[in-house]
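Data block below; observations after.
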Amino acid sequence: MSKAQQTTTAAAAAAAAGRRISQVVFIGLLLDILSFTIILPLLPRSLEAYKAREGSDPSTLLGSLLQQISLQRTRLQHGHGSASRFLQQGARADLVLLGGLLGSLYSLLQCIVAPFIGRAADRFGRRRTLMLCMAGNIVWTVIWIFAGSFETFLVARIIAGLSEGNVQLSNTIIADVTDTNTRSHGMALVGIAFAVGFTIGPSVGAYFARLPLESTGTSGNVFTYAPFATAALFSLALLLAESLYLYIRLPETLHFGRSQVSTSDSQKNDRSESKSTSQTPLRQPKSTRAHVQMVLRRLNLLHFAYLFFFSGMEYTLTFLTHDLFHFTNAQQGKLLGFIGISSTLLQGGWVRRIKGKSAHRDKSLVARGMVSCALGLLCIARCCVDGTKDSSPSWWLWAGALGFAVASATVVNCLNSMVSLVRASDASDEDTGRRLGNFRSAGQIGRALGP
């Protein structure tokens, strides 16, 4: 067999192995997102349940928090003279603000831990770090099941924020097993997993919420189980299945790019040096580390700015519909399901079919997604202006949801692809975990401040 034939055979084997690993990552991440999204439509009513039990007691953590939130809300009302309709909702507004604080806390913890997860993945391996994160996810879900008080529920959410590294590590693994031509398509699998998860997860959570596993403890004022413990039990089952699946099927990919993908890239370079250079403008052969750091800082800043605005809507949308239109769990699941289905169809039928050079394609999709997000925010604002309490949501709500679906299908996935491709000519691909970790950390700062 000639050298050219050996190179071709090795490249084909590497591509086939990369596709298999990408499929494993997709299935594992889908299970993880399903587990994560189950809680989204339940959070407003979970807080209401905890408030009914302990919110009136200022000696409890929840009672103290609600008291401080109410005090700040009252100051805002008096400070602005004519208070907004939202602030006039009183106790309902306090719960929305508390939900935003919980979302910000989760994102702040993610911001802190993401760089460490990325560096651990580069040092100890992707697979080992991912299994450690899975252990943390299982622990917080078990605590959620038995979260009979708000304090226990808060501890569970803190552990969740510190252990959720699946999305970041999935991007890193896909970056390991794809080349410059297939990177965007591989990253789109992460977006599709998100979209499908956000389609099914909230609906599953709403279904299991109809069968609450809760009872009164011996003290008479706390739950033996969480308000929606059946949903938490199902979430735990998904995480256990995911952990077993990844343990059996996922290989280590830390050195995959050096041992296999580089063979495919060298074949392309032998054909035409200029062609290889033009495939990814973000990786110029003469790129210096200083230039690469500048590009990465710009991408991190863009990620922060986008998620600052997007997450403010994302986390409070269910509270808005609950407060303005009194959406039930089923209606919340339907709205989130619409966003998820639309995003899935867009990624599978549009994003993955767009041809063109990787970097130029990603830049174009990021721009389109951000414009769609801005239009979606405007539609939601119009919906709030037109809507009145106890009224039915207008078509503006669904138009805004469609805009968010376009943004979900494009922006973050393409930015992840761009970050994974940016490196100096003398740098190794094995620092991908660090780059994607810093990128996720910047985005989580936006998520923390947005809600």
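Keep in mind that glycine also has a Cβ here, set from the backbone N, Cα and C atoms.
Sequence annotations record features per position, and here TrEMBL assigns transmembrane segment to 21-43, 95-117, 129-147, 153-174, 186-208, 228-248, 299-320, 335-353, 365-383, 395-415. As annotated by TrEMBL, domain 'Major facilitator superfamily (MFS) profile' applies to 21-451. The annotation region 'Disordered' is assigned in TrEMBL to 261-286. The compositional bias 'Polar residues' annotation in TrEMBL covers 275-286.
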Annotated stretches the transmembrane segment (129-147) and the transmembrane segment (228-248) touching (3 or more Cβ pairs under 8 Å): yes
Result, the transmembrane segment (228-248) in contact with the transmembrane segment (95-117) (3+ CB pairs under 8 Å): no
Tertiary contacts of the transmembrane segment (186-208) (same chain, 6+ residues out, Cβ under 8 Å): 18, 22, 25-26, 29-30, 32-42, 167, 170-171, 174-175, 177-178, 228, 230-231, 233-234, 328-330, 332-334, 336-337, 339-344, 347-348, 351-352, 405, 408-410, 412-414, 416-417, 420
Distal contacts, the transmembrane segment (228-248) - CB-CB under 8 A, six or more residues away: 24, 27-28, 31-32, 34-35, 38-39, 42, 45-46, 127, 130-131, 134-135, 137-138, 141-142, 144-146, 204-205, 208-209, 211-214
Rounded mean pLDDT for the residues that make up the domain 'Major facilitator superfamily (MFS) profile' (21-451): 81
Residues of the parent chain within Cβ reach of the transmembrane segment (299-320), under 8 Å, 6 or more residues beyond its termini: 40-41, 43-44, 95-96, 99-100, 103, 107, 327, 332, 335-336, 366, 370, 373-374, 376-377, 380, 384, 404, 407, 411-412, 415, 418-419, 422, 438-439, 442-447, 449-451
